[in-house]
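Visitor: My questions all concern the structure below.
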Amino acid sequence: MTDLPILHVKNLGKADYQPVWQAMKDFTDGRDAHTPDELWLVEHPPVFTQGQAGKAEHLLAPGAIPVVATDRGGQVTYHGPGQLVAYPLLDLRRLKIGVRELVTKIEQSVVALLAEYKIDSAPKADAPGVYVNGDKIASLGLRVRKGCSFHGVAINVDVDLAPFNQINPCGYAGLNMTRLVDLVDTTKQPVVFSDVAKRYTRILSNILGLTAQLKE
């Protein structure tokens with residue numbers, strides 16, 4: 001068996017967006033050439049996040065949901081309970097991959113995850129993320145600093161999709177969102193959030209060529 005580099009996996013449970021964002025920045029700023037890569041898994045309370053390309057007009061009616069201007073790529077999106085948010089904190093130089101290749105690998109990992117639930121999905125060349133019959137199930141936004149990535153991907157498991165109607169998701173007016181629980185016959189294959197997270201961790205680490213190891 002080949003000794004693959006370690007990917008430390010941290011399950012953060014339910015955690016507010018801003019402290020996790022700050023922790024990602026601190027981790028990235030503090031890491032060196034020997035720091036193992038990490039994957040953080042989290043569910044955020046309801047929040048809209050604006051990417052660096054975000055435009056105010058895409059926030060149609062945020063209402064009581066807070067809006068956070070963040071430093072990731074992309075436009076506005078929604079995070080909420082029932083959405084698996086995965087933050088791969090990776091040394092891209094060490095992995096010898098570029099940003100575009102990382103985006104592709106993350107999209108491939110979501111496609112492979114959905115295939116385990118017998119769902120056909122695909123990325124779009126002009127709109128990062130993963131789609132099922134034109135409806136978006138996973139949103140993606142990254143930042144790279146010092147050759148290291150942070151931010152990541154949000155996969156709709158059983159999240160309430162209604163808040164997406166309060167924005168133009170990722171800057172696209174009328175973009176329909178979907179979620180895993182609505183695409184699976186749950187009488188035959190139950191959708192359990194913790195199981196989805198475990199499957200995704202296994203798939204992403206394999207695609208990256210890393211060995212997942214749980215970190216408390």
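Heads up, the Cβ atoms here are built off N, Cα and C, so glycines get one too.
Pasting the feature list from Swiss-Prot:
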type: ACT_SITE; residues: Cys170; note: active site, acyl-thioester intermediate
type: BINDING; residues: Arg72, Gly73, Gly74, Gln75, Val76, Thr77, Tyr78, His79, Ser139, Leu140, Gly141, Gly152, Val153, Ala154; note: substrate binding site
type: DOMAIN; residues: 33-212; note: domain 'BPL/LPL catalytic'
type: SITE; residues: Lys136; note: site 'Lowers pKa of active site Cys'
Visitor: Just to confirm: which same-chain residues, 6+ apart in sequence, have a Cβ under 8 Å from the Cβ of Tyr78 (substrate binding site)?
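Guide: Counting only residues 6 or more apart in sequence, the Cβ neighbours of Tyr78 (substrate binding site) under 8 Å are Pro46, Val47, Phe48, Thr49, Ile65, Pro163, Phe164, Gln166, Ile167, Pro169.
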Visitor: In three-state terms from DSSP, label Lys136 (site 'Lowers pKa of active site Cys') for me.
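Guide: Once the DSSP labels are grouped into three classes, Lys136 (site 'Lowers pKa of active site Cys') ends up as strand.
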Visitor: Do you know the mean pLDDT across the domain 'BPL/LPL catalytic' (33-212)?
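Guide: Mean pLDDT across the domain 'BPL/LPL catalytic' (33-212) comes out at 96.
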Visitor: Between Ser139 (substrate binding site) and Cys170 (active site, acyl-thioester intermediate), find the distance joining the two CA atoms and give it rounded to the nearest Å.
Guide: 8
Visitor: Would you mind reading off the Cα separation of Lys136 (site 'Lowers pKa of active site Cys') from Gly74 (substrate binding site), to the nearest angstrom?
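Guide: Counting only the Cα atoms, the answer is 15 Å.
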Visitor: Reported as an integer number of Å, what is the Cα distance between Arg72 (substrate binding site) and Cys170 (active site, acyl-thioester intermediate)?
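Guide: Distance between the two Cα atoms comes out at 12 Å.
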Visitor: Below 8 Å Cβ to Cβ and six or more residues apart, same chain only. Which residues does that give for the residue listed as 'active site, acyl-thioester intermediate'?
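Guide: Correct list: Gly74, Gln75, Val76, Thr77, Ala127, Pro128, Gly129, Lys136, Ser139.
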Visitor: Which residues of the same chain, at least 6 positions away in sequence, have a Cβ lying under 8 Å from the Cβ of Gly141 (substrate binding site)?
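Guide: In sequence order, the residues whose Cβ lies under 8 Å from that of Gly141 (substrate binding site) (at least 6 apart) are Gly51, Arg72, Gly73, Gly74, Thr77, Pro128, His151, Gly152.
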Visitor: Using a 10 Å cut-off on Cβ-Cβ distances across all protein chains shown, tell me which of the binding-site residues (Val76, Val153) has the largest neighbour count.
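Guide: Answer by Cβ density within 10 Å: Val76.
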Visitor: Using a 10 Å radius around its CB, how many other CB atoms surround Ser139 (substrate binding site)?
Guide: 28
